[in-house]
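Pulled from TrEMBL, these are the features on record:
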- 26-151: domain 'EXPERA' (DOMAIN)
- 182-316: domain 'EXPERA' (DOMAIN)
- 6-22: transmembrane segment (TRANSMEM)
- 29-48: transmembrane segment (TRANSMEM)
- 68-95: transmembrane segment (TRANSMEM)
- 107-127: transmembrane segment (TRANSMEM)
- 133-152: transmembrane segment (TRANSMEM)
- 184-205: transmembrane segment (TRANSMEM)
- 234-253: transmembrane segment (TRANSMEM)
Amino acid sequence: LMLTGVLVLAGLISIIFFVSGGSHFQDPLFCVFVVFSFTSIGDLIISLEEDGYISGFMEVYVREGEPYLRTAHGIMICYWDGIVHYGLYLAMIAAIGQRKSYRNLGLFWLGSLMMSVIVFLLGNLIGKYSSDLSPAFLLNLPYVLMPIWAGARLFQQPKALPCLSPEKVAEEQRKRLYQRPQDVALVLVLLLTAAFTFFRGMVVLDCPADSCFEYIYQHEPYLRDPVAYPKVQMLIYLFYVLPFFCLCIYGLVLPGCSWLPDWSLVVAGAVAQAQFSHLGSSLHARTPFPYQTPEDVWWGFLVTNVLYALGPQLLAYRCLRCPAFFLPASPAGLHAGKKHQ
């Protein structure tokens, strides 16, 4: 099966090379996206097979090589990779072929893939499947190394300069927070999201408070699942995403934080992937019944987690739609961009 996959992938790359005359290969990320899009199809097949929609394709590999893919979390990340990541790969491949910028799509993909891989690998290493790891586990190593290299190249790509005069930028950056109602709303959303992030972090750290005890047993019992994926996810939220939310509030209050648009896209992708996997795993039948979300709190759990995922998406959209507030204070770059045009 593996040999067949390698031959099919080699044939696909050869066809693309001869059809395009090699022009696509001027961007090394093109090869990365082609290979990863191929593996995304494999992940989609795994998820469909584990849910009983198809059979006879990857069952032996999953059972003997990576049994942790049969968990609810494993199935959810395969769905995400086979649908969302695959769509992003196709969009970025098309952009490369048309010589268009794919930087924003790439940053969203980078955050999504890195979050998926980190939670999955750490959960496998410390969870109930740590004793079942086989050499097939090393197949995940490229998913750690390649995104790091791809991310470095994406950040090196030039940003698209907005068509804004220095006067317009200065006018936007003179506005106080209360003069920007959309940013006020975003700050409130980020404060609530940060508070919820801190609370769930305390829950998985076995905080003795009654509210934490009630929450983990009556609202999100999936956080107790011995597979360890949800615990790892909440700890990543606590130690990495929570500080970023605080920095975002700073960036919405004070002008000139030029790092915010790029990193808001990365975190938007990361949180979108994480919340999809967490939501799906909490409700999936493959999760043992004691750890599934109780029916009487199902809607509250769903709404809370969807809103949690929505906050970073709104922030990224705001940064892309109205970037003037986040541009560097010096208008020199804008002058150069206008002269170049």
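Just so it is clear, glycine is given a Cβ too, placed from its N, Cα and C backbone atoms.
Taking every listed stretch (68-95, 133-152, 234-253) in turn, the largest tally of C-beta pairs under 8 A with the transmembrane segment (184-205) is reached by 234-253.
Across 29-48, 68-95, 107-127, 234-253, the stretch most heavily in contact with the transmembrane segment (133-152), judged by Cβ pairs under 8 Å, is 107-127.
Secondary structure of the domain 'EXPERA' (26-151), assigned with DSSP and counted as helix (H, G, I), strand (E, B) and coil, comes to 102 helix, 0 strand, 24 coil. Each residue of the domain 'EXPERA' (182-316) gets a DSSP state, and the totals for helix, strand and coil are 110 helix, 0 strand, 25 coil. Mean pLDDT across the domain 'EXPERA' (26-151) comes to 90 in this model. Within the chain, the transmembrane segment (29-48) has long-range Cβ neighbours (under 8 A, six or more residues past its boundaries) at 5, 8-9, 12-13, 16, 54, 57-58, 62, 69, 75-79, 81-83, 85-86, 89-90, 92-93, 96, 106, 146, 150, 153-154.
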